[in-house]
Amino acid sequence: MMDRIVMEVSRYRPEIESAPTFQAYEVPLTREWAVLDGLTYIKDHLDGTLSFRWSCRMGICGSSGMTINGDPKLACATFLADYLPGPVRVEPMRNFPVIRDLVVDISDFMAKLPSVKPWLVRHDEPPVEDGEYRQTPAELDAFKQFSMCINCMLCYSACPVYALDPDFLGPAAIALGQRYNLDSRDQGAADRRDVLAAADGAWACTLVGECSTACPKGVDPAGAIQRYKLTAATHALKKLLFPWGGG
């Protein structure tokens, strides 16, 4: 196996340039090195000005989302050896404003996420002495896969609807709202309806499915969105047929 590989890294330094450029770096190559290891080597040994996000290095925190050879990937879970003989082109996630180099502005996602109330909503609280809220394995399975989301935002980078319409609520936010709607302990489905069923919510999705393909945790946001469309349509039909109490 080759012992070196070239990484072409997108650089954007707003104080000295008006648009991103690419800079090539040659880094050591071992089978164990992820793209994040290559970037860390560049920062530590070749160019300390390179900026990028990372935290856990284990594909859990979701911090290292980037565009690698054109695909939305976690840099910590994507290996340099898979791109031999190179080069490996590393760019920021798409559909987000670039702050510097590989660092993007995620404030739009962070502002939208609370709107779906991604937490357990209870309108009645049983006495503490009644104990915890118990679930059967089947009740857990109903929402478990959607709870695996790590907020890496790769689904937003992959989503053609979000690329065209930044007002779109987006795959992860809708899937997380649906995660709690499907939780037997939650009572907040009606509280989320105005946001999830809005024109910029689930109905804006055109079911391209790139979000589900991009998810590093196997979450199916596209499936969650289509299921919610059915829920929203059923509710709307009930309201039409039974306006005095259609739920």
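Heads up, the Cβ atoms here are built off N, Cα and C, so glycines get one too.
What Swiss-Prot records for this protein:
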BINDING   TYR12, GLN226, ARG227, TYR228, LYS229  menaquinone binding site
BINDING   CYS56, CYS61, CYS76  [2Fe-2S] cluster binding site
BINDING   CYS149, CYS152, CYS155, CYS215  [4Fe-4S] cluster binding site
BINDING   CYS159, CYS205, CYS211  [3Fe-4S] cluster binding site
DOMAIN    14-94  domain '2Fe-2S ferredoxin-type'
DOMAIN    140-169  domain '4Fe-4S ferredoxin-type'
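Sequence features, as recorded in Swiss-Prot, placed on the structure.
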residue	record	DSSP class
TYR12	menaquinone binding site	coil
CYS76	[2Fe-2S] cluster binding site	helix
CYS149	[4Fe-4S] cluster binding site	coil
CYS155	[4Fe-4S] cluster binding site	helix
CYS211	[3Fe-4S] cluster binding site	helix
ARG227	menaquinone binding site	helix
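If you compare every pair of Cα atoms in TYR12, GLN226, ARG227, TYR228, LYS229, the residues listed for menaquinone, the longest distance is 40 angstrom. The most densely surrounded of the binding-site residues CYS56, CYS76, CYS149, judged by C-beta neighbours within 10 angstroms, is CYS76. Checking each of the binding-site residues (TYR12, CYS61, CYS215, TYR228) against CYS205 ([3Fe-4S] cluster binding site), the C-alpha distance stays within 10 Å for none of them.
If you average pLDDT over the domain '4Fe-4S ferredoxin-type' (140-169) in this model, you get 98. Separating the Cα atoms of ARG227 (menaquinone binding site) and CYS155 ([4Fe-4S] cluster binding site) is a whole-number distance of 18 Å. Sequence-distant contacts of CYS215 ([4Fe-4S] cluster binding site), defined as residues of its own chain at least six apart whose C-beta falls under 8 angstroms from its C-beta, comprise CYS149, LEU154, CYS155, PRO221. If you count neighbouring Cβ atoms within 10 Å for each of the binding-site residues CYS61, CYS155, CYS205, CYS211, the highest count belongs to CYS211.
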